[in-house]
Amino acid sequence: MRALVRETHLRPGAMIYPLFICPGESVRKEISSMPGCFNLSIDEAVKEAEQCAALGLGGLLLFGLPAEKDEQGTGAWADDGIVQSALRELKKNRKLDSLVMMADVCLCEYTSHGHCGVVVRDGNHYEVANDASVALLAKTAASLAAAGADVIAPSDMMDGRVASIRAALDAGGHEQVPVLSYASKFASAFYGPFREAADSAPQFGDRRSYQMDGGNLREAMREIELDLAEGADMVLMKPAMPYLDVIRAARERFDVPMGAYQVSGEFSMLHAAFQRGWLEPERAMMESLISIRRAGADFIVTYFAKDAAKVLA
Ligand code: PBG
């Protein structure tokens, strides 16, 4: 009877699984703080993707670990960049047709300093230059779309990037490729494990000049409104569990497709408790996911996607 009257549901097709693509062949390196998640070379990523498709997941979100980083992050928009190459391989495979291939757009995995944009230094002072960064992000988006990305997902948080990315996509003949903007993204301690996974920790300073203050809900609404006005087709909110109220508020205010990202730290903290026997893994995982759906997210980007799909099956 409980099943009969359940109000909120989780389904594999509404979950997106992040993949971290690295150079090499047959590489499957576990991320120490994220049990069951790996840095995968392209051949291994294809196998992982086939599993995800067989489980009925909605799609993948691709991140890249380039062989080399530099001050500008040129690897981000290289035609033979790590994610571009992975996309070409993944899009060739007919078994993966059911997966929406989303490409994260940011420079932090590609810059030697680990910031999400162009760093301008002046003595001891540094600044992440907004407009210079936007131009590079737009170039990156176009290059990922050319490589076959179905969705472009900018996570950098520079102002005005959605409009520039939209224009670059259109100019490149990718007017059919939608933008999923990380519109509401807080400067969060919960990204810690990701920075190990993507090797993208800032070498100095922090991301507070471009990511939001955790105390601000109205600012999140403003960020979403701006991104939609600039042409975002869908918005992503992150982190999820510490910001469920933000997801709910956005759901009530905006009639657009919305996703939420259950980030690395949310996954790692649950796993840490599982390892100690302090929480029941399956129940806690499913409860954490349903809470995000109940808050109002249409889909969830989550490192639990495969495990949850197995439970649902
Ligand atoms: C890149 C980016 C980050 C995440 C997604 N895209 C890290 C950050 O902003 O520092 C975090 C995802 C996670 O923690 O799982 N800017």
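Placed from the backbone N, Cα and C atoms, the Cβ positions cover glycine too.
Owing to the predicted nature of the structure, the values given are computational and were not obtained by experimental measurement.
What TrEMBL says about this one:
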type	residues	note
ACT_SITE	Lys185	active site, schiff-base intermediate with substrate
ACT_SITE	Lys238	active site, schiff-base intermediate with substrate
BINDING	Cys106, Cys108, Cys116	Zn(2+) binding site
BINDING	Arg195, Arg207	5-aminolevulinate 1 binding site
BINDING	Glu223	Mg(2+) binding site
BINDING	Ser264, Tyr303	5-aminolevulinate 2 binding site
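Ser264 (5-aminolevulinate 2 binding site) has Lys185 as its nearest neighbour among the recorded positions Cys108, Cys116, Lys185, going by CA to CA distance. Cα spacing between Lys185 (active site, schiff-base intermediate with substrate) and Tyr303 (5-aminolevulinate 2 binding site): 18 Å, rounded to the nearest whole number. Once Cβ contacts within 10 Å are tallied over all protein chains shown, the recorded positions Lys185, Arg207 are led by Lys185. Cβ environment of Arg195 (5-aminolevulinate 1 binding site): Gly114, Ala201 lie under 8 Å away, each six or more residues apart in the same chain. Rounded to a whole number, the distance between the Cα atoms of Arg207 (5-aminolevulinate 1 binding site) and Cys106 (Zn(2+) binding site) is 13 Å. Residues Cys106, Cys108, Cys116 make up the record's Zn(2+) site, and a Cβ search at 8 Å around their centroid adds Leu107, Glu109, Thr111, His115, Gly117, Ser155, Asp156, Ser200 from the same chain. Taken in sequence order, the recorded positions Lys185, Glu223, Lys238, Tyr303 that lie near ligand 1, meaning a CB under 6 Å from one of its atoms, form an empty set. Here the CA atom of Arg207 (5-aminolevulinate 1 binding site) lies 8 Å from the CA atom of Cys116 (Zn(2+) binding site). Under DSSP, Lys238 (active site, schiff-base intermediate with substrate) is assigned to a strand (E or B) in the three-state scheme. In the three-state DSSP reading, Ser264 (5-aminolevulinate 2 binding site) counts as helix. Its own atom aside, the Cβ of Cys106 (Zn(2+) binding site) has 27 Cβ atoms within 10 angstroms in the protein chains shown. In three-state terms derived from DSSP, Cys116 (Zn(2+) binding site) belongs to neither a helical nor a strand segment and is classed as coil.
Closest to Arg207 (5-aminolevulinate 1 binding site) by Cα-Cα distance, out of the recorded positions Cys108, Glu223, Lys238, Tyr303, is Cys108. Of the recorded residues, Lys238 (active site, schiff-base intermediate with substrate) and Cys108 (Zn(2+) binding site) place their C-alpha atoms 17 Å from one another.
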